[in-house]
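J.: Have a look at the structure that comes next, please.
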């Protein structure tokens, strides 16, 4: 497998997620923290205007702007579309990138704990995910892609890499424990890559648990699009926990319970994520699987 020569640590893809932004600032002030012997690491603040205004984005979600067709479009670009083109020129181009690995740092208001999000099943991504989960037993691995549909996340610029997602944390703030937990995952990842480049890694052959994205679920709404129910208290904060048929899912404003009614159990994630209200997403449903790496 090809060695990694250039790695990017990206923060602030969403301008109100301060953990990644201030880690990038820290690494820029103390570059020795991310320096390794056999590959080059660079940092990037992805959405500086969003950060300045403490907004997730100015015009559109930057982490949905990396479709090849959009990157090649030069007509009337908004701010995030222009940033996506700049980032693609810096790290990419998508499909033939200058960088070999992208670490994209995120936070969530949902109770996701420590999560890494994979946008493909590249063998190297599975190996590093397996190693990280062995070092951090509470780490969850969420696979969020459809092999038949082009992924538009910043991580899709190159095959190797993943997003680190930590929570719960409010938008626009820092929280020391999650800051240092994120930094620890970054450091462990860099050490793993250094050892990989040196050929010093033991062969990894074990089962890991992944949470495979199935679909998103919207809030119950009127025909005019008004929300009429909230996440049920029994489900709130239970990300990565099993939701079985017949269990409470939503609670209406007149105190009526709406139950999960599909045939098979699921494991919801991003439950009640603040940034997803505008997207019509109350939660994402996943299937818990064990795979051999």
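Placement of Cβ uses the backbone N, Cα and C atoms for every residue, glycine included.
Okay, so Swiss-Prot annotates it like this:
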- 14, 17, 106: Zn(2+) binding site (BINDING)
- 56, 63, 64, 165, 276: substrate binding site (BINDING)
J.: Check the Cα distances from residue 63 (substrate binding site) to each of the binding-site residues 14, 17, 106 and keep only the ones within 10 Å.
T.: 14
J.: Would you mind ranking the binding-site residues 14, 56, 64, 106 by how many other Cβ atoms sit within 10 Å of each Cβ and giving me the lowest?
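T.: Least crowded of the binding-site residues 14, 56, 64, 106, by Cβ count within 10 Å, is 64.
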J.: For residue 165 (substrate binding site), identify the closest of the binding-site residues 14, 17, 106, judging by Cα separation.
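T.: That would be 106, nearest by Cα distance.
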J.: If you measure residue 64 (substrate binding site) to residue 14 (Zn(2+) binding site) at Cα, how many Å is it?
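T.: Approximately 11 Å lies between the Cα of residue 64 (substrate binding site) and that of residue 14 (Zn(2+) binding site).
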J.: May I ask you to report the DSSP-based helix, strand or coil state of residue 56 (substrate binding site)?
T.: coil
J.: On the three-state reduction of DSSP, what should I expect for residue 276 (substrate binding site)?
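T.: Reduced to three states, the DSSP call for residue 276 (substrate binding site) is helix.
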J.: Could you measure between residue 14 (Zn(2+) binding site) and residue 56 (substrate binding site) for me? Cα positions, answer in whole angstrom.
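T.: Distance between the two Cα atoms comes out at 5 Å.
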J.: Which ones in the same chain are close to residue 276 (substrate binding site), with CB under 8 Å and 6+ residues apart in sequence?
T.: 270, 282
J.: Cα distance, residue 56 (substrate binding site) to residue 106 (Zn(2+) binding site), nearest Å?
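T.: Just about 11 Å between their Cα atoms.
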